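S.K.: Have a look at this one before I ask anything.
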Amino acid sequence: MAAALLARARGPLRRALGVRDWRRLHTVYQSVELPETHQMLRQTCRDFAEKELVPIAAQLDREHLFPTAQVKKMGELGLLAMDVPEELSGAGLDYLAYSIALEEISRACASTGVIMSVNNSLYLGPILKFGSAQQKQQWITPFTNGDKIGCFALSEPGNGSDAGAASTTAREEGDSWVLNGTKAWITNSWEASATVVFASTDRSRQNKGISAFLVPMPTPGLTLGKKEDKLGIRASSTANLIFEDCRIPKENLLGEPGMGFKIAMQTLDMGRIGIASQALGIAQASLDCAVKYAENRNAFGAPLTKLQNIQFKLADMALALESARLLTWRAAMLKDNKKPFTKESAMAKLAASEAATAISHQAIQILGGMGYVTEMPAERYYRDARITEIYEGTSEIQRLVIAGHLLRSYRS
């Protein structure tokens, strides 16, 4: 089986994984240490990120530059369609592998990390799970190699966390659906060649009247708003999608009418593992920066790392990071084992995003004045971390999800 797997493998990423069939199911927490194949994957992604992303990350951030060439190379490695089956031109790997790879990319450049996350989790994810065979061929295969990327249009100007309150509408007209409304905060919007859009097809049914659609970009009736000038993740584009009598074929309905809310929620469960992994990368980069600086900066006749106060800070940073990483891996492995993971993905996203914010904050504190200037990357990590507590469900939403599952478990 392993030989056949490798014979079908494509690209340097798969060749780096060795001879074991690494799609074996994992027993959650059977070992704190990663399987050898996943360790090799981590090193491959780290080498790529250090060569291709670290040298340009500050420039991408400063000039709001989309990393076109690097995204293409990531597609060639298989990083843009990691759990998509090989028959659809994906890498055919598992979600633990995806989490590990995304952390390494985000450690080098969080903007590139979210570009990767959106294409894998939010765009390809729902089509892979709910799409027809024809839709998978049309809307997945061309988006695996870096030539094209997709986006995900759920949030609206008047409802971000309240995903069931969509004001965008879709009505049937002959052989078409006609979309009207505005979607907000759409990542990858300016570079995307397609989007998954959620719109109300029956307002009387509230969230049970929401449906999902596949929309090519550009297309008549769809215009892009201005690129948002953001605090962080500045190399990824964020803009509104404005639908004005946007007509798409009837066969572009994803799933069945009224399934949109279910599709969105299950997609966000997957996406939260991605954002947790992005946050882990930011947190790890912040800790690396703080330790390196503290080791080389002398105060009172000794390196900062000799000061107990600095040691305590570093210990707390490492504790938060490792705890969040284990929660994230657990959520990924539950998904790989086809077990429920909604609560666990919310826990992972909450823990990792808050860890990234706290660790990047403390990194600046350790660097002092040097942490506040662009000469060092600590300030970029701090800016990039903040969004991880907001998008794909705020920290408050994650706590509601966790509490809901917790209370139901006590009542059952």
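Using N, Cα and C of the backbone, Cβ positions are placed for all residues, glycine too.
According to Swiss-Prot:
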{"type": "ACT_SITE", "residues": "GLU392", "note": "active site, proton acceptor"}
{"type": "BINDING", "residues": "152-161, 185-187, ARG297, GLN308, 365-369, 394-396", "note": "FAD binding site"}
{"type": "BINDING", "residues": "SER161, ASP269, MET270, GLY271, ARG272, GLY393", "note": "substrate binding site"}
{"type": "MOD_RES", "residues": "THR27", "note": "phosphothreonine"}
{"type": "MOD_RES", "residues": "LYS51", "note": "N6-succinyllysine"}
{"type": "MOD_RES", "residues": "LYS51", "note": "N6-acetyllysine"}
{"type": "MOD_RES", "residues": "LYS72", "note": "N6-acetyllysine"}
{"type": "MOD_RES", "residues": "LYS129", "note": "N6-succinyllysine"}
{"type": "MOD_RES", "residues": "LYS129", "note": "N6-acetyllysine"}
{"type": "MOD_RES", "residues": "LYS208", "note": "N6-acetyllysine"}
{"type": "MOD_RES", "residues": "LYS262", "note": "N6-succinyllysine"}
{"type": "MOD_RES", "residues": "LYS262", "note": "N6-acetyllysine"}
{"type": "MOD_RES", "residues": "LYS292", "note": "N6-acetyllysine"}
{"type": "MOD_RES", "residues": "LYS306", "note": "N6-succinyllysine"}
{"type": "MOD_RES", "residues": "LYS306", "note": "N6-acetyllysine"}
{"type": "TRANSIT", "residues": "1-24", "note": "transit peptide"}
S.K.: Consider the recorded positions LYS51, PHE152, GLY158, LYS262, GLU392 and say which one has the Cα lying nearest the Cα of MET270 (substrate binding site).
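M.R.: The smallest Cα gap between MET270 (substrate binding site) and any of the recorded positions is with GLU392.
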S.K.: Distance check, please: Cα of GLY271 (substrate binding site) against Cα of GLU392 (active site, proton acceptor), rounded to an integer number of angstrom.
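M.R.: Their Cα atoms are separated by 7 Å.
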S.K.: Measuring Cα to Cα, how far is THR187 (FAD binding site) from LYS51 (N6-succinyllysine) in Å?
M.R.: 25
S.K.: Anything within 10 Å of ASP269 (substrate binding site)? Look among the recorded positions LYS72, PHE152, LYS306, GLY368, GLU392, comparing CA atoms, and list what you find.
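M.R.: Near ASP269 (substrate binding site) by Cα: GLU392.
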S.K.: Cβ atoms within 10 Å, counted per site: which of SER155, THR187, GLN365, SER395 has the most, among these binding-site residues?
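M.R.: Most Cβ neighbours within 10 Å: THR187.
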S.K.: Just to be sure I understand: of LYS262, GLY368, GLY393, which recorded positions have a C-alpha no more than 10 angstroms from the C-alpha of LYS208 (N6-acetyllysine)?
M.R.: LYS262
S.K.: Rank aside, I only need the closest one: which of the recorded positions LYS51, LYS129, SER155, LYS262, GLY368 has its C-alpha nearest to that of GLY393 (substrate binding site)?
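M.R.: Nearest listed residue in space: SER155.
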